[in-house]
Structures are given as structure tokens and as C-alpha cells.
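If you check TrEMBL, you get these features:
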ACT_SITE  His96  active site, electrophile
ACT_SITE  Glu168  active site, proton acceptor
BINDING   Asn10, Trp11, Lys12, Gly174, Ser213, Gly234, Gly235  substrate binding site
Amino acid sequence: MARRPLVVGNWKMNCTRATAQQLLADLLAGLPTDAKAQVGVCPAYVFIPELGAMLAGKTIALGAQNVADQDQGAFTGEISAPMLKEFGCAYAIVGHSERRLVYGETNALVAARYAKAIEHGITPIFCVGETLEEREQDKTFAVIDEQLQAVLDLCGVASLSQAVIAYEPVWAIGTGRTATTEQAQEVHAYIRAQIAKLDAEVAEGLQILYGGSVKADNAAALFGMPDVDGGLVGGASLDAKSFLAICLAA
Ligand code: PEP
């Protein structure tokens, strides 16, 4: 089964209202309508309504950088899946390493966020990945197993047919230190094989993105690996020219 490549920009806590609009306008103007890859952007929450309006009827998809593990109620600071849905979000990142490591989100909380996205028809972009210390201690696969297992326990393997996984080695995020194509392929193939033990069809159809210092000059090599189905792009997604080059490399 041919998997369509997917490239998603994670804008993190960047842009002003004006620069967010300009960045999206530049992407809309520069992305060919027949691009091979599906392209998405995940701006900060406050920009979602305006950017969602700009994206109506366009080929670029809108996503959020997180999603609540509850539908509504006394959960200060959270944004729910029904709210995101109302503003046209097709994707929500869950389990980004900055959420896990800076804000202490556990595997259980990430799985609960993932479950809410699935329940409301939003595709979770479920991030997994090891720290440098874990890699050096040969714990990469064990860490990824635990991260995956939390989602499998709560939602089952079938849910992965409505999800995307992003392998993001923490040591490569925002550091300029990209995983080699072999390192990325090794982990992507491992993730797919683990899922295939449970459901071969789901594993075959699953888009597994690589994230971690993807740039215009390394994207084609990474995306050329058999189990790398595109990228989750941080820093380089804030520059329209660089991000468009990455999208076209997929
Ligand atoms: C990310 O934060 O998801 C990411 C991949 O960032 P960067 O591309 O800047 O490493």
C-alpha cells in the first residue's frame, strides 16, 4: 500500500498575528495544488480561527499543538477536541517532547489526549522518541515501547488507522543535530514492526513522520527512507521558502 507523504509544520510559540498570516499566505501561494505530500501547519491556538478561515477550501490542513484529555469543564488553560474541531483542525500533536519534558506530561496523559482526538475525529500526531541519555544507555526501543503501549492499552491498535506517529529523537529537536537516515529508518522500521505484530494492515498504512532538525538540505534523504513517510518540522517551518522546499522533497 502506498502511503501518502505528510509534512507538518509545528510553529510552537512563535509568530505574531501578522507574521502568522503572512507565513500562511506565503505557503498557500507557493505550494503547488498537485503537491505529492499532504501538508499541514500547527500554529499557536490563538491564531487558529483566523488561519482556519484562510485555509477554507485549500489543500493545507490545520492542526493544533496539543488537545485536552477532557471535553469541557474546569480545566484551566486547556483546549478541547470539540473546540478544535469547530475551528477546522484536522490534526492535533500529542506527546511532543516539550510537553513531556518541560510540562511533565506522562504517557498516561498523552494517551488520554490521543483518545480524545480520535473520539472527535481529529487525527493525533502522536510523538515518541528518546532522550540522548536514553539512546546512550541503549534504551531507545524500550522507551518507545512504553510510549506506544500507553496508547495501545487505552485505544487499541485499530485507533492507529486514524492516527499518525512522529518519531522525534529528543536530542535532534531544535539542536541542528539530525538523526542519520539510517538511525531514523531503524527506529521507524522498529515502530512499524511492533504495530505489525498486532495488525499488519494497520502497520502498513500508518504514516510515521520523522522530526528533529529537518531542513531543506536533509529532507529528501530522510524522506527517501522506506519507513519515513514525511516530517514534523519545527524551526524550518517558520520560513516559507525552507518549509516549501521540505514539502516538495517529500
Ligand atoms: C519539533 O519540535 O517537532 C521539531 C522537530 O523541531 P525542529 O525541527 O526545530 O528540530
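Heads up, the Cβ atoms here are built off N, Cα and C, so glycines get one too.
Curation plays no part in TrEMBL annotations; they are all automatic predictions.
Between Glu168 (active site, proton acceptor) and His96 (active site, electrophile), the C-alpha separation comes to 8 Å.
Fewest Cβ neighbours within 10 Å among the recorded positions Lys12, His96: that distinction goes to Lys12. The secondary structure of Asn10 (substrate binding site), as reduced to three states from DSSP, is extended strand. Taking the binding-site residues Asn10, Ser213 in turn and counting surrounding C-beta atoms within 10 angstroms, the largest count is reached at Asn10. Residue environment of Trp11 (substrate binding site) contains 24 other Cβ atoms, counted within 10 Å of its Cβ in all protein chains. Other than the site residues Asn10, Trp11, Lys12, Gly174, Ser213, Gly234, Gly235, same-chain residues with C-beta atoms no more than 8 angstroms from the centre of those residues' C-beta atoms, the substrate site, are Ile173, Val233, Ala236, Ser237, Leu238. For Gly174 (substrate binding site), the same-chain residues 6+ apart in sequence whose C-beta sits under 8 angstroms from its C-beta are Ser213, Gly234, Gly235. If you count neighbouring Cβ atoms within 10 Å for each of the recorded positions Glu168, Gly234, Gly235, the highest count belongs to Glu168. Secondary structure at Gly235 (substrate binding site), as computed by DSSP, is helix.
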